[in-house]
Amino acid sequence: MDMDNLTWLHGKPKASGVLKANPEDFVVVEDLGFEPDGEGEHLLVRIRKHGCNTQFVADYLARFAKIHPRLVSYAGLKDRHAVTEQWFCLHLPGKEAPDLSTFELEGCEVLESVRQKRKLRIGSLKGNAFTLVLRHITDNQDVEQRLQQIAAHGVPNYFGSQRFGRGGNNLVLARLWANNEIRVKERSKRSFYLSASRSAMFNLISSDRLAQQQATTVLEGDALQLSGRGSWFVAAADELALLQQRVDAGELNITAPLPGDGELGTQGAALAFEQACLADQTELLALIKRERVEGARRAILLKPQNIAWNWWDEVTLELSFWLPAGSFATSVVREIMNQDNADAADIAE
C-alpha cells in the first residue's frame with residue numbers, strides 16, 4: 001500500500017526531515033495498563049533493548065530459562081532499530097525464577113522482573129509512550145503549526161507501512177493467496193497476510209472519508225465508538241444531531257471497518273459509503289470470508305495523548321506522546337513532515 005496516496009487530515013506537509021537517524025531517536029516504552037500481581041506461575045521481565053527484535057529476545061530468554069520457546073510470550077512486536085522497553089512473560093509452573101542478574105545479551109538490559117498470575121498475550125497492552133527526535137527539518141514554522149493542529153484535532157489512525165511488509169509485499173502475497181496462485185501453510189504468514197488485507201481496507205475507507213471531509217461528520221448508520229473503548233453502536237437517523245455533538249466533544253469516535261466474514265456493522269448511508277469504497281476489493285474480501293476472520297471496527301481519527309515537543313534548535317525537534325495499542329507513531333509523524341528516510345521501519349502494537 002502506497003501511504004502517499006492516503007489523504008492527510010491537515011494537508012500534505014511542507015517540511016521534510018529525518019526520523020530515526022539513529023536508534024536513540026525513536027524510544028518506545030510499553031504501558032501494560034495494569035499492575036502485575038506479584039505472584040503466580042508466570043514471570044514478567046521488563047527489558048530495554050536496541051539492535052535486536054522482539055522474537056529474537058524471546059527465543060534467547062527461553063534458552064536462558066531452559067524452557068520451550070512457546071512458553072515465552074509478549075504483548076506486541078517492537079522494531080530492532082529503536083530503543084524499546086518491553087515486557088516478556090515466562091511461564092514457569094512449579095519452577096524457580098532464573099537468576100536474571102546473569103542474563104547477558106548485547107543490546108539488552110533487564111530492568112525488572114515480577115511474578116504474574118496470567119499469561120501476557122498479544123494485544124494485552126494498553127499502549128505505548130513514544131519519544132522521537134526529528135532531524136534536518138526544512139520548515140520549522142509549518143511543523144510548529146501542524147503540531148498545534150495535531151494536539152487539537154489528532155491525525156488519521158492509519159496502519160503504518162510496517163503492517164504491509166517491505167515494499168508492501170504482505171499485501172501482494174495476500175492477493176496471490178486469495179487467487180489461489182500460492183499456498184500459505186505457515187500460521188504466522190497467514191496471519192500477516194490477513195492482517196495486511198484488513199488494514200489496507202481500513203486505510204482505504206478512512207482515506208476516502210477524509211477526502212470527502214466526512215471523517216468527523218456523523219452519517220446515518222455510522223458505527224460509533226466510545227472514546228477509549230472497543231464497543232460500538234449504530235447511529236440512528238433521529239439522533240444524528242445529538243451524536244454529532246458528542247463526536248465534536250470527543251466523547252465518540254467515528255469508525256471504519258476491519259472487515260471480517262460477517263457484516264461490516266454499519267447501516268444506511270454509512271454502509272453504502274463503505275461498500276462503494278470496497279467495490280474493487282472483492283478478492284481480499286473473499287479471502288477474509290474464506291478464512292473466517294472475525295470483523296472489528298477502529299476509530300478513523302486518533303488524538304495522541306500527553307503530546308509535548310521541544311525544539312533543540314531550528315532544525316531538530318524532540319516530540320513525545322502516548323498512543324493506544326495498535327496505533328502507529330509514524331502516522332503521527334506523517335502529518336508533521338515528509339520523511340527523507342521513508343524506509344525507516346515503523347513501530348506499534
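From the backbone N, Cα and C atoms, a Cβ is placed for every residue, glycine too.
Annotated active site, nucleophile per Swiss-Prot: ASP79, in sequence order, evidence recorded as sequence analysis.
Taken from Swiss-Prot, the feature substrate binding site covers PHE26, ASN128, PHE328, and the record attributes it to sequence analysis. According to DSSP, PHE328 (substrate binding site) sits within a strand segment.
Residues or ranges marked as domain 'TRUD' in Swiss-Prot: 154-302.
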Residue distribution over DSSP helix, strand and coil in the domain 'TRUD' (154-302):
73 helix, 22 strand, 54 coil
Between the Cα atoms of PHE328 (substrate binding site) and ASP79 (active site, nucleophile), what distance do you get, rounded to the nearest Å?
12
Based on Cβ atoms within 10 Å, give me the single least packed residue among the binding-site residues PHE26, PHE328.
PHE328
For ASN128 (substrate binding site), just count the other CB atoms lying within 10 A of its CB, please.
27
Largest pairwise Cα distance, Å, within the listed substrate binders PHE26, ASN128, PHE328?
13
